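Provided herewith is a single structure, encoded as structure tokens, for subsequent inquiry.
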Amino acid sequence: MKAPRDSYTLFLLPGALAFLAVVVVPFLMNTGLGFTDWQGVGSPHWSGLANYRQLAHDSEFWASFRHSLFMVVAMAVVPTALGLVLAAALTDYVGKHFGTRLASILRACFYLPQVLPVAVAGIVWSWILAPDDGTLNALLKAVGLGSWQQDWLGDPDLALYTVMGVLVWVQLGFPLVVFMAGLGRIDPQLYEAAELDGAGWWRRFAHITLPGIRPEIYVVLTWCTIAALKVFGAVYVLTKGGPGGATDVPSYFSFTTFFEKTQVGYGAAISTVLTVIILALALIGLKLQSRAEEA
Amino acid sequence: MTALRRYPVLIALCLAALFMIVPFAIVVVNAVKSPAEYSQHGPLSLPHGLYTKGLTDFWQRVDYGQKLLNSVLISGSVALLATVLSVLNAYAIGIGRVRGRTWVLAFFVLANMLPQEALVYPLYYLSKQAGLYDTRLSVIIVFTVLHSAFGTYLLSSVLGQFPREIIEAARIDGAGTWQVLWRIVVPVSRPTLGVLLVFFFIWTWNEFLLPLVMLVSNDNQTVSVALGVLQGQRLMDATMTNAAALLGVLPAVVFFLVFQRTLTRGIAAGAVK
């Protein structure tokens, strides 16, 4: 006695209706609004591609996307690279020679910033990085490097790099945990055999570790790149896009366009561009991942 | 010899780990310093006594108890509702194998990747029209749906490998689809559901953009939004800032200590599926 397939379709009904109301309709509305000139009151005027033409010449918009590339470095490239080395070192060195307990304690230290609300991370760091009595400047002075003191978040030439540094701190734990879990899948005998054959740490890393967790590397890179393009809270709390737009990113730019400048049509166009880029990257990432898993 | 070579690596790793947690330590140290002590000795000195007035002042000033209650209420409801919605979806996809399930699943994956910026204005507008603007319910509904996209994705692949014999046997005994779901599938998948509950709770707790837009009145704000807005206004002195940071960090650290295993295991499971 088998249940007819259709009887299961009913279970999708609540989810489908909820998605229609919360995701599909708002998403279509937003896409549509991108083609209008609307201040949020009255009825929207159709303006065709005017917003997109304006975007093409908007230096603020291009700057925000350029900053996104820096965010990708800070949230995807650096954490993935560091995460790989740390995961390999914790598993292969610390776990093997000093016990898995120590390895998991160290892993916990690296992971801790990940569970923090980004608003709280922002409070902690903007205080540490404060220009006058900030901890970092006080520390530099205490060790005799007083000339290195900076207005870390207030200097337009420096602020973007400072925000990047904070984001590396926030993000590092995620790749580390995923990679360590992936390494757990690799047969330890492979390492032992390689060691007996005289392979050094670097060769074991390049020939066993990296190929072994290739699917994880693609997943982490995809997820972190998408997260980097969406970054909002950290910018809001640390710099509000400043000084002088030096740390503005697309999501913050669309937020201010929506709610401070109340140019809803223009904000919708910005977020539509952002969505297209993210979905394209997501598709590439998923494709690479499925290829890596087949290989 | 090899042992000698190992220690520098270990020491470097420990230093790096220390660097990760030092910000937490200096926040704790400075949250219990009096403003006078702070201005005299700066952020690096150890506190001379336990000064708790900064903490209590901050608590009262932002009505932190109310914020905690809001966060718990919103995150708890989302965790529960999003898990239920994920189970219903994944049951149809993973076990029911409904027609077009690959497309349904692809839809959920893409919905999960969608930037909230592409939804935020219409959600703001629609919630105003529906009379839900500035209510905790609006945030609960939105995150229940958004997070269940991930839950559906993860659970569908778990349920896709569910032993069919158990389900067939139950059906022969006369159980309907509903009974199979609640009596068999849900109890057996309890570990995965636990992971989802923990994740949804923490994600919702940490969410910033949508709650910032949706919850404007003080009484409805979550911990994250209240602290983020305060920080944005830069009205606080150093002691107050540290009190805020400490009170913001504490719940996160408590979750972390309680759910460390679930979190690390869940992240890995979620990533590789």
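Including glycine, each Cβ sits where the backbone N, Cα and C put it.
TrEMBL annotations: computationally assigned, not manually curated.
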From the ranges B:11-33, B:103-125, grab the one TrEMBL calls transmembrane segment.
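Among B:11-33, B:103-125, the range TrEMBL annotates as transmembrane segment is B:103-125.
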Of the listed stretches B:68-91, B:103-125, B:180-205, B:240-259, which one has the most C-beta pairs under 8 A with the transmembrane segment (B:137-159)?
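The stretch with the most close Cβ contacts to the transmembrane segment (B:137-159) is B:68-91.
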Pairs of Cβ atoms less than 8 Å apart decide it: which stretch in B:103-125, B:180-205, B:240-259 has the most with the transmembrane segment (B:68-91)?
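Per the Cβ under 8 Å count, B:180-205.
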